[in-house]
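Okay, so here's the structure we're looking at.
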Amino acid sequence: MDWILNSLREIITPTTAAYALAAIGLNIHFGFTGLVNFGQAGFVAIGGYGFAISVTQLGLSWPLAIAVTLLLAVGYALLLGIPTLRLRADYLAIVTIACAEIIRFTLNSSAFASVTGGANGLYNDYSGWITGANPYPQGLVHLGPWTFTSTDLWIATVDWAVVAVVAVGVFLLIRSPWGLVLKGIREDEHAMLSLGKNVNLHKLQALVMGGAIGALAGILYVQPTSVQPFDFASRMTFNMYTMLILGGAATVFGPILGSMIFWVVMRFTDELVNAGVDAGLLDNATQGSQLRFVLVGAALVLLVVFRPQGILGNRTELSFDAK
Amino acid sequence: MPSDAILIADGVHRHFAGVTAVDVEHVEIPRGRITALIGPNGAGKTTFFNLLTGFDRPQRGTWSFDGTPVQGLPPYRVARLGMVRTFQLTKVLGRLTVLDNMLLGSNRQPGERLRNALLGVVWKKQDRTDRERAREILARFKLDGKADDYAAGLSGGQRKLLEMARALMNEPTLVMLDEPMAGVNPALTQSLLGHIADLRERGMTVLFVEHDMHMVRNLADWVVVMAAGRIIAEGTPESVLSSEAVVDAYLGAHHDTDLRSLIEEDA
């Protein structure tokens, strides 16, 4: 039963936490405001690289580096949002995915390798601020049936604390009148205009907030090992959409649960395929890693068929979608 | 009749790629009355509505609401001045409850600003006032039983009622209704008529677009007729509806000629 235990371990890893946080940001865009952002990976990349470069190249202290990174993300959101939010929803989708790719290719390019590390990225000589404060005993730490390195467990602890604080903040924001305006915009922008709501301002605020949360997730995401351009491919954004659908979009805790389930399923299918290779049922690991995505796909199909609203979603709400 | 006008428009012109949609030289909407804007399909009534409320921009023209020039203002600012519209195809916020729809009608909620959103002390009181008011208005429109249902679950007629009720949350002085009767079953028509008349009793001005002549005759104090983007007549319902120009614009010049006589004429 090692498979299951190994898979369940994913629930608390730093990667799961970082994805959960970025998905919370994306949920403000997509789930609550109805903004189709296909480039959340761009915000996460700005977070990861912004922080790493601020610390390693500019020598900033970590609180200052976080502030600079978040400001960068806010600026990027304004740059994206001001020209496109007044247009139809599809334009934001096109612009966000294109800009996210521009960011990734720029970071990947050898032209700026002296700053960004090019295709190799940057290694984590920027995470001293977090590892230095590690209160756990050195070496391996046992937590129930699982073993973590002390550093990993500490980073996970910090990450989940951030996720908890942000989730509570978003929960309070969404149940405020401000949050109700966002949901109204998701339903019908023209109706909201006729009711006297400054739709563009609210959309911009939502875009900035979700993007800044994405950048914060990026800072967390790169702490354990390194920051590499390949991580921020469009697949990252679409994995987040998968998480939203899994957990239930337009719910505050859906993205968190979605991220946990997503990574458990990813790990579980991995273990399953490896077991198949060990047992001689599959030829080699390459073939296996492809099979893994087939299994993930099948799991997703089952979910959409049997629980289309996601785990935490509201079925009644969804039933009105098919009008 | 317009001695005291709440809305005055001058020289409003809107064309789309060479086709003139609206070309209104001068029009006044009398305060505290119910004015009907009628005209055949394609006369430019809805476009004129869109222009007046900021949802569309004219090539030229000026208009003022209660003495304030409003041309060029974005639609949400027009609404905040107290000039609230509804839509021909109702726009309820489907996946929100009826009560939430109503709350969004209010423009007094400081908690809608991001900086106040986390400060419950700033907005809780207004929230209570708004909820109370929303339930009162819903009761008037007989929607109080639906307050906690999703708006998407309402019938077509109930949506029209909700849209009107929601507009009232803003305490408007001018209510602009775009075809309030379209698609409403006859049983609800009477109640809708009553609600519109009630708006006048409560001191509001109403401007509505409508095709139903029965409704225009019964409800309107003043009628403005548009055809091909222009205003071709205005006056009391009796005078306008008996005017030959209006009848021709609506029904065609030969509407009361026996078809056979036309065919014989041709032959």
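Backbone N, Cα and C atoms are what each Cβ position is placed from, and that goes for glycine too.
Remember, predicted model here, so these are calculated numbers, not experimental data.
Positions annotated as transmembrane segment by TrEMBL: A:12-32, A:38-55, A:62-85, A:91-107, A:153-174, A:204-222, A:243-269, A:289-306.
Ranking A:38-55, A:62-85, A:91-107, A:289-306 by CB pairs under 8 A with the transmembrane segment (A:12-32) puts A:38-55 at the top.
With respect to Cβ pairs under 8 Å, the transmembrane segment (A:38-55) is most closely packed against A:91-107, considering the stretches A:62-85, A:91-107, A:153-174. Here the transmembrane segment (A:204-222) has Cβ contacts under 8 Å with residues 14-15, 17-19, 21-22, 24-29, 32-33, 35, 37, 40, 43-52, 66, 69-70, 72-74, 76-78, 80-82, 85, 124, 126-127, 155, 158-159, 162, 166, 170, 173, 182, 231 of the same chain, all six or more residues outside its ends. Panel annotation: around the transmembrane segment (A:62-85), residues 35, 39, 42-43, 46-47, 50-51, 54-55, 91-92, 95-96, 99, 126, 129-130, 200, 203-204, 207-208, 211-212, 214-216, 218-219 of the same chain, lying at least six beyond its termini, place a Cβ under 8 Å from a Cβ of the stretch. Counting same-chain residues at least six beyond the ends of the transmembrane segment (A:243-269), those with a Cβ under 8 angstroms from any Cβ of the stretch are 3-4, 6-11, 13, 15-17, 19-20, 23-24, 26-27, 30-32, 163, 167, 170-171, 174, 183, 186, 291-293, 295-296, 299-300, 303-304, 309-314, 317.
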